[in-house]
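The feature domain 'O-antigen ligase-related' is assigned by TrEMBL to 204-359. Annotated transmembrane segment per TrEMBL: 6-35, 55-73, 93-111, 118-139, 170-189, 196-214, 220-238, 245-262, 347-368, 375-395, 401-417, in sequence order.
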Amino acid sequence: MKDLDVKLFLFIGFLLGTWGALFEGLQVAIIGVALLFNLVKYRKDFYQLLRRYKYYLLIPVVVMAYAAVHAFFIIQGGKYMDFKPSFGVFEKLALAFLLVVVYVVSCRFFIDLKILKRFLLCFCVGVFLFNFLMLFHVAGWDLLKTPGKAVAYLYNSRFGFTKYFLGGRVYLDAEAMHIYIAALIAYAWGMISTNIGKKVLGFAAFLIFAWFLSLTVTKSSILGFLCGFVLLNGYFLVRLSGRYRWGLLGVLLLLVAGAYIFRPANFDRRWEQVEREIEDVREGRLEGGGSITPRVVFYKTCFDHIGEWGVWGLGVYTERVSQQWYRDSGNTTVAALTHSHNSFLQYWMWLGIVGLCFILSWFFLPVIRMLRSKCYSFLALSIIVALFVDCQFEVQLVVNDALPVVVFFLALFYVFYDRFAELEGNIS
């Protein structure tokens with residue numbers, strides 16, 4: 001089939017727009033099929049391409065090998081012989097890293113600026129269609145009959161929280177992450193486009209995605225989005241000329257004022273909860289809570305035992321050992337979970353310093369490449385910043401409904417940083 005490689009790439013973009021999170025195995029399988037197709041189609045030059053990116057591709061390979069050796073020695077050491085080792089957790093994540101990264105590199109053969117734009121559009125369309133459908137999945141037809149009550153219910157239920165749909169599941173934090181990535185893309189699209197119709201469509205999509213994100217009332221995702229949004233607007237304010245700069249400042253002030261004035265009551269309740277939990281932490285009351293307090297307990301509990309994992313990690317015993325620590329913490333919320341609610345801390349606990357360097361490298365390498373080439377994409381940088389901030393408070397790099405999207409975009413920013421920079425060339 002003509003241009004099947006392009007069509008698969010665009011379809012994967014649509015799947016990454018939250019739909020693939022419902023069917024994790026199918027999403028990975030389609031990426032695998034697309035990789036095999038590229039391997040066959042470009043077999044004559046594939047080896048040279050792999051050599052060009054060999055150090056980047058070796059990162060997950062080396063870490064997977066290290067994890068295998070680490071598992072052997074930590075089991076043979078017998079220090080945690082009272083705990084049952086958990087296999088298949090980190091290995092599955094590392095395999096996803098390798099598969100996604102090799103596929104993105106293989107796309108270097110055919111991706112140009114036009115195809116990249118279409119990919120971003122497919123991703124945004126996927127996110128929009130999923131969340132538009134979820135409006136009715138959560139609120140039902142009351143959204144049309146009594147929209148005021150339906151919207152209030154959407155906020156009170158935090159957009160239905162975890163979504164169970166078509167036999168699949170998407171966590172709220174992962175869903176919110178997809179939304180803010182799409183929001184940043186749509187906003188940049190509106191700012192960059194010279195066509196008035198596309199510009200209006202981009203800004204309209206941005207407002208819709210921002211509303212979808214507000215429905216989740218997810219603090220870490222909203223904070224990450226705001227950090228990326230501030231960076232992106234800082235870039236546009238520098239690039240724009242006189243009257244356009246003042247016009248953008250005026251619009252941004254209106255957006256901030258409107259968001260504050262028309263904020264839903266649920267935001268105030270969440271803020272009051274945060275204030276109460278901060279006060280509880282100051283007073284040393286760490287037994288309950290639903291947001292700030294459990295995270296403080298997570299971090300305190302983990303770092304109280306840093307001598308056991310700070311250098312080498314806990315490897316295959318991470319889940320069982322840390323769960324015992326959480327049970328002993330005295331916090332009922334923490335006792336029921338098996339992860340630290342921090343992506344970077346989780347990899348650090350898994351494989352020690354090697355694990356921490358491994359996960360940080362995916363965020364830093366695209367930035368380093370831009371710095372060395374002096375070819376910058378502030379859309380890419382804004383999404384990297386948003387993801388980095390979000391991952392400080394969530395496990396987006398651990399759960400399978402979020403990891404492929406994060407890795408895919410970070411790999412895109414590394415391999416196609418020049419294409420993303422070219423996207424922003426129309427700003428004046």
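Glycine too: its Cβ is placed from the backbone N, Cα and C atoms.
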Distant-in-sequence neighbours of the transmembrane segment (245-262), which means Cβ under 8 A and at least six residues beyond its ends: 233, 236-237
Leading stretch by Cβ pairs under 8 Å, where the reference is the transmembrane segment (375-395) and the options are 55-73, 170-189, 220-238: 220-238
Touch test for the transmembrane segment (220-238) and the transmembrane segment (170-189), at least 3 Cβ pairs under 8 Å: yes
Recorded stretches the transmembrane segment (6-35) and the transmembrane segment (170-189) touching, at least 3 CB pairs under 8 Å: yes
Recorded stretch, among 55-73, 93-111, 118-139, maximising Cβ pairs under 8 Å relative to the transmembrane segment (196-214): 118-139
Stretch with greatest number of CB pairs under 8 Å, the transmembrane segment (118-139) reference, 93-111, 170-189, 347-368, 401-417 candidates: 170-189
Leading contact stretch, 55-73, 93-111, 170-189, 401-417 vs the transmembrane segment (347-368) - CB distance under 8 Å: 55-73
Seg_contact(the transmembrane segment (93-111), the transmembrane segment (55-73)) with at least 3 CB pairs under 8 angstroms, min sep 6: yes
Positions whose Cβ lies under 8 angstroms from the transmembrane segment (55-73), at least six residues beyond its ends: 85, 87, 90-91, 94-95, 97-98, 101-102, 105, 312-313, 315-316, 350-351, 354-355, 358, 361-362, 365, 414
